[in-house]
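One structure below.
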Amino acid sequence: MTATKQHKKVILVGDGAVGSSYAFALVNQGIAQELGIIEIPQLFNKAVGDAEDLSHALAFTSPKKIYAAKYEDCADADLVVITAGAPQKPGETRLDLVGKNLAINKSIVTEVVKSGFKGIFLVAANPVDVLTYSTWKFSGFPKERVIGSGTSLDSARFRQALAEKLDVDARSVHAYIMGEHGDSEFAVWSHANVAGVNLESYLKDVQNVEEAELVELFEGVRDAAYSIINKKGATFYGIAVALARITKAILNDENAVLPLSVFQEGQYANVTDCYIGQPAIVGAHGIVRPVNIPLNDAEQQKMEASAKELKAIIDEAFSKEEFASACKN
């Protein structure tokens, strides 16, 4: 995709709760000029119905071609977004989904690549860091053109939680969650700030917040998905808008800094050969470069521990015969 191309085409693979919410976000925000929705054959009519339903909103937003797509429609797409996979159930961790979703991911990526697709993959299916890695392996694409949603939603939750605690606009809070999109993620407290003022200094000047309150706040962010899943069965609105934001950055060649699942080549000491959440510059050609925030010793240890856990899952998954050949690529 070139920065000057005017007609932007997105193919969505997976029309479940996350996928359909993402499609709705694209329509609402006027992102892309063409949206194709791919579903498995037995759910093809769901994609047809959603495309028709979404098209009825176009008179209120902006022109867009929306349709139920097939894999051959990926050939000239700028972006393929993968949300398809088994959903996380109450009591399950995201990493519990590996066995179910790796085979699904392989079949999807194989079909997309077979179409002649030359664009960018954006992965949101869980466990997103593992499935972003598998998308890279199965596709043979350059690492810059395979991106995961990573900790984009976690960071948004973190900013919102801090904003509520401090009674300020979340857009004025700048803070990141890094590591796995899951239980081993961590807050980068050392670089959190409000309007450029270091969070620690801001808290001293503005209000007295105990450390225990901040620990509880982070735990609420980390466990937010479990809380929502127990209440309503799934999370989809937040991640849908996060995906729309990433999509906009790619299609508009923004060179925006967003927390994404990014390939690691030693940016953080011993963290290599995996995808994991960190800030990165993203534009029309995918990841321009990672933004390597200097971590303190405690944060560095958490980053390495998170990567170690992901690597163990990846190594175990790709030791199986049906996936082992991808690791030789």
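Cβ coordinates come from backbone N, Cα and C, glycine included.
The NAD(+) site in Swiss-Prot is built from Val18, Glu39, Lys46, Tyr71, Gly85, Ala86, Ser107, Ala124, Ala125, Asn126 plus one of Ser139, Ser149, Ser152, namely Ser149. Cα distances from Val18 (NAD(+) binding site) to the binding-site residues Asn126, Asp154, Ala156, Arg159, His174 are smallest for Asn126.
In this structure the alpha carbons, written CA, of Ser107 (NAD(+) binding site) and Asn126 (substrate binding site) are 16 Å apart. Ranking the recorded positions Lys46, Gly85, Ala125, Tyr226 by Cα distance from Asp154 (substrate binding site) puts Tyr226 first. Within 10 Å of the Cα of Tyr226 (phosphotyrosine), not one of the binding-site residues from the list Gly85, Ser149, Ala156, His174 places its own Cα. Straight-line distance linking the Cα atoms of Ser149 (NAD(+) binding site) and His181 (active site, proton acceptor), rounded to a whole number, equals 9 Å.
If you check the binding-site residues Lys46, Arg159, His174 against Asn126 (substrate binding site), none has a Cα inside 10 Å of its Cα. Classification of Thr235 (substrate binding site) by DSSP places it in coil, neither helical nor stranded.
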